[in-house]
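J.: Attaching a single structure in structure tokens format; questions to follow.
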Amino acid sequence: MSGATSGLTPEQIGAIDAAHLWHPYSTIGAATGVIPPVVAVAAHGAWLTLIRDGKPIEALDAMSSWWTAIHGHGHSVLDAALTTQLGAMNHVMFGGLTHEPAARLAQLLVDITPAGLETVFFSDSGSVSVQVAVKMALQYWRSRGQPAKRRLMTWRGGYHGDTLTPMSICDPDGGMHSLWTDILARQVFAPQVPRDYDPAYSKAFETQLAQHTPELAAVVVEPVVQGAGGMRFHDPRYLCDVRDICRRHDVLLIFDEIATGFGRTGELFAADHCGVSPDIMCVGKALTGGYLSLAATLCTTDIAHAISVGAAGALMHGPTFMANPLACAVSVASVEVLLGQDWRSRVAEISAGLTAGLEAAQGLPGVIDVRVCGAIGVIECDRSVDLAVATPAALDRRVWLRPFRNLVYAMPPYICPPAEIAQITSAMVEVAGLVG
């Protein structure tokens with residue numbers, strides 16, 4: 001344990017953390033009512049080694065470490081890919097240089113993503129990949145001589161990241177960015193997309209879009225699953241409709257598949273549920289199997305060509321760590337591991353286990369909905385979940401959960417067998433029962 005923590009005791013880690021470290025959506029220091037983070041010292045397979053009451057415990061990583069570790073932790077093939085690449089080249093600038101890991105990953109992504117996505121831009125995170133997607137759309141229209149097409153349209157209830165432009169297309173009311181409303185770009189928001197298919201919704205969506213066509217650069221949506229905006233699911237037929245609508249009105253379509261890509265919904269990409277191709281698509285999170293931060297933005301050759309011959313003469317974006325060889329190499333390994341197994345059966349088995357296990361939450365006081373899509377299970381409550389209660393309750397059952405707002409959910413690694421899925425759902429039901 002000392003090696004894993006660089007010689008610091010858990011108490012020392014906690015003290016330094018409290019004094020100096022920001023966490024996602026956190027305060028600094030020991031604020032009243034805020035529970036301190038749990039110290040993690042190791043991760044193997046689907047299990048995390050955490051320090052609780054001064055002692056190590058094992059807990060299932062029901063979150064796949066925020067939806068990334070689809071193969072679990074410490075996978076031998078991914079470890080080997082990373083080690084081999086580290087021995088050859090850890091990093092080189094991507095300006096003026098290229099390398100095999102980037103080329104292999106680009107070709108792999110072009111081969112497996114929806115048809116027509118032929119060019120790849122690598123970035124450091126999902127938020128940045130969305131930012132790049134929007135810049136692609138804006139530069140495309142400038143190159144086409146239509147600079148007025150600069151606004152975006154999306155469904156309410158979405159989440160696309162924490163940088164400024166992605167923030168502007170997150171849900172404006174129930175999202176996490178209302179603090180910045182006065183400085184964010186004014187986008188066009190359609191009503192929340194329903195779970196069940198209703199052609200009238202798509203008709204109303206088209207009517208609203210048509211009112212803004214001269215100023216719309218793109219429609220940006222999360223296909224099938226709206227993630228951090230509320231873990232809501234919708235019928236894939238809406239994707240077919242929005243694809244047709246965008247084509248009719250000469251508006252680009254961007255799919256944000258950062259949370260849904262690489263099998264999470266039961267298809268390799270959520271777009272595959274209805275067989276449509278967007279003009280631009282963002283992937284991330286599970287891309288590297290949870291090892292390093294990497295995302296990609298793919299677009300059609302038509303868009304890439306228009307940008308390249310436009311006034312700027314280039315796509316105006318270039319991250320320092322773009323196409324990092326370590327991240328690209330481990331991503332190739334992760335995707336090949338996924339494709340080399342019967343991942344559909346694994347996700348289907350997890351889906352069945354989540355459905356069966358979460359049935360016990362139906363009818364609990366305070367529970368208003370239970371839903372499953374692929375390897376995603378959600379219990380929606382009628383009030384916010386208290387992490388000070390939920391976290392220890394889940395750890396009592398040796399499960400790491402991270403509820404947010406009124407949602408208790410899980411997106412487990414694909415390696416979890418039925419017994420571990422049952423353990424996860426038992427903890428979820430326990431936590432939901434404490435909310436009511």
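The backbone N, Cα and C atoms fix where each Cβ goes, glycine too.
The substrate binding site annotation in Swiss-Prot covers W66, Y159, K285, G318, R402. The annotation pyridoxal 5'-phosphate binding site is assigned in Swiss-Prot to G126, S127, D256, P319, T320 on the grounds of sequence analysis. If you look up Swiss-Prot, you'll see K285 marked as N6-(pyridoxal phosphate)lysine, on the strength of sequence analysis.
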J.: Within 10 Å of D256 (pyridoxal 5'-phosphate binding site) (Cα to Cα), which of the binding-site residues Y159, G318, R402 do you find?
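T.: Taking Y159, G318, R402 one by one, the ones whose Cα falls within 10 Å of D256 (pyridoxal 5'-phosphate binding site) are Y159.
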J.: Given a 10 Å Cβ-Cβ cut-off, pick out the one of the binding-site residues S127, T320 that has the most other Cβ atoms nearby.
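T.: That would be S127, with the most Cβ atoms nearby.
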J.: Among the binding-site residues G126, S127, P319, T320, report those whose Cα falls within 10 Å of that of W66 (substrate binding site); none is a fine answer.
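T.: Near W66 (substrate binding site), where near means Cα within 10 Å, there are no binding-site residues at all.
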J.: Listing them in sequence order, which of the binding-site residues G126, P319, T320 have their Cα within 10 Å of that of K285 (substrate binding site)?
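T.: Checking Cα-Cα distances against K285 (substrate binding site), the binding-site residues within 10 Å turn out to be G126.
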J.: Just the number: how many Å between the Cα atoms of P319 (pyridoxal 5'-phosphate binding site) and Y159 (substrate binding site)?
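T.: Spelling it out, the Cα of P319 (pyridoxal 5'-phosphate binding site) and the Cα of Y159 (substrate binding site) are 23 Å apart.
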J.: What whole-number distance in angstrom separates the two most remote CA atoms of the substrate-binding residues W66, Y159, K285, G318, R402?
T.: 33
J.: Enumerate same-chain residues with a sequence separation of six or more from Y159 (substrate binding site) and a Cβ-Cβ distance below 8 A; give 'none' if the list is empty.
T.: C170, D171, G175, M176, E222, Q226, G227, A228, G229
J.: Whole-number answer please: how many Å between the C-alpha atoms of S127 (pyridoxal 5'-phosphate binding site) and G318 (substrate binding site)?
T.: 14
J.: Taking the Cβ of each of the binding-site residues and counting other Cβ atoms inside 10 Å, which one has the highest number: G318, P319?
T.: P319
J.: Taking the Cβ of R402 (substrate binding site) as reference, which residues of that chain separated by at least 6 in sequence fall under 8 Å from it?
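T.: Same-chain residues close to R402 (substrate binding site) (Cβ under 8 Å, separated by 6 or more) are M63, W66, L387.
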